[in-house]
Amino acid sequence: MKLLHLIKRYAGPYWPLIVLVVLFQFAQSVLSLLLPTINGDILNDGVLVGNTDVIWRLGGWMLVVSLLQIAANTLAILCGAIIAMRAGRDMRADVFQKASAFSEQDMQRFGSASLITRNTNDVQQVQMLILMSCTMLMSAPMLSIGGIVLAIRADATLSWIVAVAVPVMLIVMALIVSRLVPIFATLQEKVDAINRVMREQLTGIRVVRAFVQEKREKRRFDKANEDLYSAMLRTGNLFVLAFPLIMLIVEVSSVAVIWFGGHLVDSGELEIGTMMIFLQYLMQILMGIMMMTFMTMMIPRAAVGARRISEVIETEASVARGTGSAAPADGTVEFEGVSFSYPGADTPVLEDVTFTAHPGETVAIIGSTGAGKTTLVNLIARQFDVTAGSVRVGGVDVRESDTDQLWANLGLVPQRPYLFSGTVASNLRFGDENATEADLWQALEIAQAKGFVAEKGLDARVAQGGTNFSGGQRQRLSIARALVKRPRVLLFDDSFSALDTSTDARLRAALDAELSDITRIVVAQRVATVQGADRILVIESGRILDQGTHDELLETSETYREIVNSQMSVEA
């Protein structure tokens with residue numbers, strides 16, 4: 001069972017604390033079972049016969065036992081909380097580490113909203129079960145079994161009440177738990193759904209407003225919210241039903257003891273202190289069953305969470321991290337007979353692609369939408385593995401290179417630039433955490449971002465996603481971040497699209513002047529962005545149709561001429 005395996009894996013390392021929990025729970029249970037007997041002796045041997053010495057002596061012992069019981073219970077809860085918190089911390093760390101190693105394909109399989117839920121809500125469910133186990137797992141059965149033995153020992157005449165109350169309680173709890181299991185199985189999926197809708201709406205709020213779709217998106221959220229509400233309501237209704245049923249059984253059992261025990265006391269067959277002992281043990285028996293039931297009710301939801309956590313932890317990344325010792329010798333990028341298809345797709349995205357980009361050379365890639373340009377860049381960064389052929393950086397196949405060393409030699413400026421919450425400086429230092437302010441300003445100057453950053457300085461606040469900057473500013477900051485890294489290969493995935501032609505030209509001129517020893521691969525839609533490249537690859541339907549300089553392609557490539565003419569006619 002995934003739940004037991006997960007608990008063993010993450011709580012097991014803290015076995016010294018588990019041993020302490022067991023000892024404290026055992027002590028607390030034994031002391032709890034002593035209290036009714038002491039209390040009954042006070043009534044029988046002290047109160048009823050007027051013996052104050054017995055009252056004082058046994059009262060003192062009762063106080064000591066109560067204090068020790070409270071201390072043992074407190075220490076058991078404290079140790080249990082430490083175990084649960086540490087296990088939860090370790091689970092979250094492993095889920096985060098695993099998710100961080102996922103390829104884009106793996107991320108799409110789980111979804112970011114689901115991964116967040118698994119690393120927060122699901123972990124919390126397992127963590128809560130560990131905590132409850134540490135505080136109830138031993139004491140609950142000890143109270144129930146010990147209470148039954150001691151209740152019968154106190155007076156066998158009333159034991160029939162226990163024989164009736166315990167099975168009734170167990171049957172009621174079994175029925176409720178059996179109804180909860182299927183509800184808990186879908187509850188986490190409903191949480192995933194509402195998180196996904198909420199995330200999409202917050203991320204795409206500008207698109208929603210631009211297309212006047214607020215009402216439609218509100219309906220989507222309301223549906224997800226209603227589904228979650230319905231599932232939680234069904235769960236809540238069962239919990240609400242459980243409590244009065246449990247209390248009814250407890251109260252009826254108490255009345256039965258007092259009624260039938262009272263008759264025995266009245267006839268002289270039973271002492272009143274013994275009746276009170278029996279009543280308190282009955283309460284402990286039922287309380288133990290309630291505690292076990294409460295834990296049982298938590299197991300289905302924790303089991304669902306454990307299964308979802310295990311799915312992430314046990315998933316092998318579709319692109320395994322390379323562990324080879326070979327490091328790229330330089331910035332040479334080579335594609336040899338490369339083909340690539342997305343899983344489940346019938347048509348390849350790239351087919352038999354071969355080219356080489358040398359250090360100091362700018363190779364531009366242009367083509368229609370969906371031609372495979374971004375996929376080509378992703379293969380260099382090993383976001384995916386090729387279906388056929390090989391991609392080499394610095395003479396080393398990217399599949400055989402150490403992944404960290406490969407990425408250390410690459411500087412990627414993605415199609416959609418993303419900035420992290422913090423400051424301009426903290427974002428730029430993603431490229432090199434030891435970069436000086438002079439390094440940052442130099443990168444900003446090359447990226448044509450120095451002007452707008454200088455207004456508020458490097459400590460200017462950056463909102464999550466960089467939403468307090470324009471699209472062009474985000475692109476330039478993203479380019480500057482890659483430049484701070486000083487990689488051997490720079491990958492620009494349509495990274496100039498939000499820039500005006502003047503800024504685009506100045507930025508490319510600065511890159512040519514300052515980065516003459518770095519391999520640059522530029523994916524672009526605009527001819528103006530690629531026309532100064534040393535070589536331009538024209539891609540269509542996953543194949544390289546033509547390659548050469550801008551002037552050469554104007555002479556030899558019909559596809560390239562069509563692209564140039566279409567853009568010139570639009571500009572005209």
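Placement of Cβ uses the backbone N, Cα and C atoms for every residue, glycine included.
Those TrEMBL annotations? Automatic predictions, nothing curated.
Feature annotation from TrEMBL assigns domain 'ABC transmembrane type-1' to 19-301.
For 333-566, the entry in TrEMBL reads domain 'ABC transporter'.
Per TrEMBL, transmembrane segment is recorded for 12-38 (among others). Long-range contacts of the transmembrane segment (12-38) within the same chain: residues 58, 61-62, 65-66, 68-69, 72-73, 75-76, 79-80, 82-83, 86-87, 90, 134-135, 137-139, 142-143, 146-147, 150, 154, 276-277, 280-281, 284, each at least 6 residues beyond the stretch ends and with a Cβ under 8 Å from a Cβ of the stretch.
Taken from TrEMBL, the feature transmembrane segment applies to 58-84 (among others).
Marked as transmembrane segment by TrEMBL: 128-152 (among others).
Here TrEMBL flags 158-181 (among others) as transmembrane segment. Remote same-chain residues near the transmembrane segment (158-181) are listed as 144, 148, 151-152, 235, 238, 241-242, 245-246, 249, 252-253, 256-257, 260-261, 264, 275, 278, 282, 285-286, 289-290, 293, 296-297, 300-301 (criterion: CB distance under 8 Å, separation of at least six residues from the stretch ends).
Residues or ranges marked as transmembrane segment by TrEMBL: 238-261 (among others). For the transmembrane segment (238-261), same-chain residues at least 6 beyond its ends with a Cβ under 8 Å from one of its own Cβ atoms are 155, 158, 161, 165, 168-169, 172-173, 176, 179-180, 183, 270, 275, 278-279, 282-283, 286, 290, 293, 297.
Per TrEMBL, transmembrane segment is recorded for 281-299 (among others).
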